[in-house]
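Asks: One structure coming up, written as structure tokens, with questions to follow.
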Amino acid sequence: MNIHEYQAKQVLKEYGAPVAEGVAIFSADEAEAAAKSLPGPLWVVKSQIHAGGRGKGKFKELGPEAKGGVRLAFTLDEVKSHSADMLGNTLVTAQTGDAGKVVNRLYIEDGADIDRELYLSLLVDRTCGQVAFVASTEGGMDIEEVAHNTPELILTLPIDPLQGVTENKASALCDTLKLEGEARADGMKLFPILYKAFVEKDMALLEINPLIVMENGRLRVLDAKVSFDGNALFRHEDIVALRDKTEEDEKEIEASKHDLAYVALEGNIGCMVNGAGLAMATMDIIKLYGAEPANFLDVGGGATKEKVTSAFKIITSDPNVQGILVNIFGGIMRCDVIAEGVLAAVKEVGLQVPLVVRLEGTNVELGKKIISESGMNVIPADDLDDAAQKIVAAVKEVA
Ligand code: ADP
Ligand code: MG
């Protein structure tokens, strides 16, 4: 689960991290009062969407000449006009996809005098099985680009869970970020704080880009992107309360109600699969044959008829879907039960696009028989390879 920048800063502030003062607003009428409550004379008006790259983003409605989704304001009037400009409009950034995201909230923040912009993040490093810091002096820009062009400027520093952030580790981070004087003292305090917040709140990612050294020599968290481990949300009511459903895909919200692991994607082949590994393999093979999956969907091991039906509804509600591939391995579940579930779902939901069904496992012959005798327009497949080729061909024919 993701949260907005201003919410992430609030969480970090509670742990003692240095963040600027700011006020979140939902309508342009609130802009002036928000700015007046801050010290000034420089304000920053920041679009709050669940995507980065806002500064360099463009508003669809405002044309290519207009400024981006993070703007400096030198007067109260500018705060007001920037706010009116951004709210309700669609911001397209390198991370939103072409559709962009509608800006429903703004964060009016105290402006900082920036000396240097640094990069700092915390993530779960699966190679070493530890939480790791990633740090670089090259902040404020696209870190993927830095990693590609100048990997020597990035330090990855795993933290031993039993020792936490030791003096040595904090010093190493200070060295990499070239922190001196007060900024170094701020860093020595900040790094353990961030690690504590990350672990206690079950974060999956905490990215500060940029962390800045201000002209007065102090450190400040200027941007914050946080996502949380969905499996741990049950023990963080305070975090769940920050959820902004307008930022989430409606189909994903619906799927979570039915306990389906669903992620919407950009392609046109809807997939219904059981088991995350098989779902990944199915997506891979669709790509191998030159098409793109419309979603990841794991209906789980004990998929009932009801689950299969709701999965079908979610897949068919996606206007991009031009074909569906059902790829189910009947292990504990029997293939004949699955076949009946699929047919019942098709009957209930209706089928406007080609459907390929590949079943394997217990009672597979019976399952196939049920499908082939159903009189429905279902294309049976023998194995994963066959299934992928058939659905890709069927979709190409339609298109
Ligand atoms: P994004 O990464 O989505 O573009 P940021 O919060 O990183 O958004 O803002 C983009 C840039 O805007 C920063 O790199 C920084 O140069 C500037 N900026 C952001 N917030 C402030 C602030 N409070 N004071 C001064 N400059 C800011
Ligand atoms: Mg940023």
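Using the three backbone atoms N, Cα and C, a Cβ is placed for every residue, glycine included.
TrEMBL lists these features:
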- Lys46, Gly53, Arg54, Gly55, Glu109, Ala112, Glu117: ATP binding site (BINDING)
- Asn209, Asp223: Mg(2+) binding site (BINDING)
- Asn274, Gly331, Ile332, Met333: substrate binding site (BINDING)
- 9-241: domain 'ATP-grasp' (DOMAIN)
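Please go over these features one by one and say how buried each is and what sits next to it.
Replies: The Cβ of Glu109 (ATP binding site) has Ala20, Glu21, Gly22, Leu38, Trp43, Val44, Lys46 as same-chain neighbours under 8 Å, each 6 or more residues away in sequence.
Counting every protein chain shown, the number of other Cβ atoms lying within 10 Å of the Cβ of Asn209 (Mg(2+) binding site) is 21. Secondary structure from DSSP puts Asn209 (Mg(2+) binding site) in a beta strand.
Listed in sequence order, Asn274, Gly301, Gly302, Ala303, Gly361, Thr362 are the same-chain residues at least 6 apart in sequence whose CB falls under 8 Å from the CB of Met333 (substrate binding site).
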Asks: Limited to the domain 'ATP-grasp' (9-241), I'd like the whole-number average of pLDDT.
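Replies: On average, pLDDT over the domain 'ATP-grasp' (9-241) sits at 96.
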Asks: Based on a Cβ-to-ligand 2 distance below 6 Å, what subset of the binding-site residues Lys46, Gly53, Arg54, Glu109, Asn209, Asp223 would you report?
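Replies: What lies within reach of ligand 2, judged by Cβ under 6 Å, is Asn209, Asp223.
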Asks: Fill in the CA-CA distance, Gly55 (ATP binding site) to Asp223 (Mg(2+) binding site), as an integer in Å.
Replies: 11
Asks: Express the distance between the Cα positions of Ala112 (ATP binding site) and Asn209 (Mg(2+) binding site) as a whole number of Å.
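Replies: Here the two Cα atoms are 14 Å apart.
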Asks: Count the other Cβ atoms sitting within 10 Å of the Cβ of Asp223 (Mg(2+) binding site), across every protein chain shown.
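Replies: Its Cβ shell of radius 10 Å holds 21 other Cβ atoms.
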